[in-house]
């Protein structure tokens, strides 16, 4: 596996990871973003399976969060506030009264420091105490590695000098047909989860909901379009899927949680993670977002491995508080395959 770097616009850097089969992954230091991923279809034709921007300017704008790292807190925090050890912290609201994807100091538009370490690309970011209202200086490391078997591994680590909530994810939009030109309605998704977190009108979790007997039951693979167009109150809130699934298995252990398949190309993507949740988002609000082209709703699907949305305000909050001397760790893998 080789890694090359090249200058991009606005002083950014574009890194290219390539394995021995010609699979290529492009990553920029802006937001530590996954810009492109070229994989073969069943005929051997290469196409880009993620949505994105044509230049660094797009990533600096933050539009769409395409392929970027969301942090210091991915997803939402209700009321843009949390309490740690009896101290309440007012955070920077950026979605109504709530915080979304790190608020006004989100990691997705920050310039990370990149270095090539053998067959691994490592990106680092320092988030100062007080950024978006979060306590503690936070140092974050993210390693990208592309294996010859088509597995892209994201290994996260973080340290802090004061207790702080940490929840990181990659916000890539996948379209296995390539380029998002045909949307993801015919894509088949399987998620190994018996429950989701139901949401309120502001997309804040309100409790666990079994998927049995609902359009959210993806324990057997189903076409996404058939499911997100079904009449259901939860789908009406988000205009499709934008829900956190609770995967089976033990958090902290790397296990397969989802399989995405495009019948037209034969491309398949298997997601595995150590995280306790996976947010399935079907690009419901992409309409008119300008990237490499003008995207439309449901042109891509996000498979965001993460803690539970608003978990910092749940009884299990201690699980997502990073304290001095501790190391935040997460591993997520995406394995690109082809079905004949």
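From the backbone N, Cα and C atoms, a Cβ is placed for every residue, glycine too.
In the three-state DSSP scheme, residue 173 (beta-D-galactose binding site) falls into the strand class. Around residue 173 (beta-D-galactose binding site), taking its Cβ as the centre, 27 other Cβ atoms fall within 10 Å, counting all chains. What TrEMBL records for 75, 76, 171, 172, 173, 242 is beta-D-galactose binding site.
The Cβ of residue 171 (beta-D-galactose binding site) has 24 neighbouring Cβ atoms from other residues within 10 Å, across all protein chains displayed. The annotation active site, proton donor is assigned in TrEMBL to 171.
Sequence-distant neighbours of residue 304 (active site, proton acceptor): residues of the same chain at least 6 apart with a C-beta under 8 Å from its C-beta are 70, 74, 75, 169, 170, 171, 278, 279, 280, 281. The active site, proton acceptor annotation in TrEMBL covers 304.
Annotation for residue 172 (beta-D-galactose binding site): same-chain Cβ neighbours under 8 Å, separated by at least 6 residues, are 34, 50, 51, 66, 67, 302, 303. DSSP assigns residue 75 (beta-D-galactose binding site) to coil, not to a helix or a strand.
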